[in-house]
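Pulled from Swiss-Prot:
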{"type": "BINDING", "residues": "E415, E422", "note": "Mg(2+) 1 binding site"}
{"type": "BINDING", "residues": "E422", "note": "Mg(2+) 2 binding site"}
Amino acid sequence: MSEQHAQGADAVTDLNNELKTRREKLASLREQGIPFPNDFRRDHTSDQLHADFDAKENEELEALNIEVSVAGRMMTRRIMGKASFVTLQDVGGRIQLYVARDDLPEGVYNEQFKKWDLGDILGAKGKLFKTKTGELSIHCTELRLLTKALRPLPDKFHGLQDQEARYRQRYLDLISNDESRNTFKVRSQIMAGIRQFMVGRGFMEVETPMMQVIPGGAAARPFITHHNALDLDMYLRIAPELYLKRLVVGGFERVFEINRNFRNEGISVRHNPEFTMMELYMAYADYKDLIELTESLFRTLAQDILGKTEVPYGDEVFDFGKPFEKLTMREAIKKYRPETDMADLDNFDSAKAIAESIGIKVEKSWGLGRIVTEIFEEVAEAHLIQPTFITEYPAEVSPLARRNDVNPEITDRFEFFIGGREIGNGFSELNDAEDQAQRFQDQVNAKEAGDDEAMFYDEDYVTALEHGLPPTAGLGIGIDRMVMLFTNSHTIRDVILFPAMRPVK
């Protein structure tokens, strides 16, 4: 047996022995009739204590004689004979406990406390003081075991190092990784901040179906499920767009939804099949109004959550404080491929030749607009590091967007890029029912030609448009990618609590 295999076998043996010992301790607690008590109540969390009392000197704390109760997980313990120091971790952070044998009821220190394990959940009561090193601590007068942990924590110095284990056992990642905990706190703050921002601008939050008879609102491959009661195949939604615009037809002039979308596509550092989007629709507005709204939203979130408008990300710093750059799609192609003759982007054969020269395989179903879009994605997208709006998307790749009044081959649409990736997509909505019907038919033709991401024909949505959709603008923002930016995370799995994973066999 190799040394590595021997070490692995020893580790398994050690773990099995520890599991056995911990279960024996739980059995003893069961015999005492109190394995999982539920009558302990705390009055503070660790962050509240630090915020209120870190600035006070020990003499002041002694004079105030403040008694508190806390609860959390025992992360470290230093036993020094008749006294010990414990680090207790709760939702707000960590607080130190000073546990002395003679300050607890008889037998608690030696017969109970010393037999507890790291990872156990404790309740503690006592008075605040500061150690000689100035650390805020609780001098315990009561200490109780609230939950016995049957499995040990990850190594306290190295945490959960295996990346896949972090995703599969997110609970361990959250216990042992301060950075991971902070990421999801920031995510929650972003969600709350978006809602506050939207409501402040007069939008109403709504919910639309997650299971749909016809998936629409985006070009993507859907998941298929079956409704037993209706004996009907249905699709998990790829976007809420068409339902939200039905609500605008119905008279709700400003609506938004934050919820999950599902796309049966690949997994990467930027893509998870199940992801969170915020979509909004605003009557009597156009895409330019949404550009202003998007800038304001990101600037507000950065200032409110991070306290600044400059957001560090890897080697870059995104500046949300200054006006975002705005380029048309063709301007972006020219900027990042200077040799491009702009006239070639107006000719199918010339554009196809450019695409093929940079390694793009042009499909038979593609028209000029799709080819130009593919060229943009290949030569320009990765260079859009600072916040940038790209406008004038071809109508061919924008089946739900309003055509431009001057050039009907393009639409009043933008996509929003930061760090070389798309974060949001917005446009003036197509409200011409006949034009929409024709574009749906074009999508059907593309699907029949082999494009499995082309949209379905949604007759009911066309009927809704025939009742009259006011001039409207719509915007979708990927929440997961937004959180990545605000938390300096470089894979989408780091900002989704439970990302899609292949089951362990």
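A Cβ is built for glycine as well, from the same backbone N, Cα and C atoms used for every other residue.
Of all Cβ atoms in the protein chains displayed, 17 besides its own lie within 10 Å of the Cβ of E422 (Mg(2+) 1 binding site). According to DSSP, E422 (Mg(2+) 1 binding site) is assigned to a strand segment. When secondary structure is read from DSSP and collapsed to three states, E415 (Mg(2+) 1 binding site) falls in the strand class.
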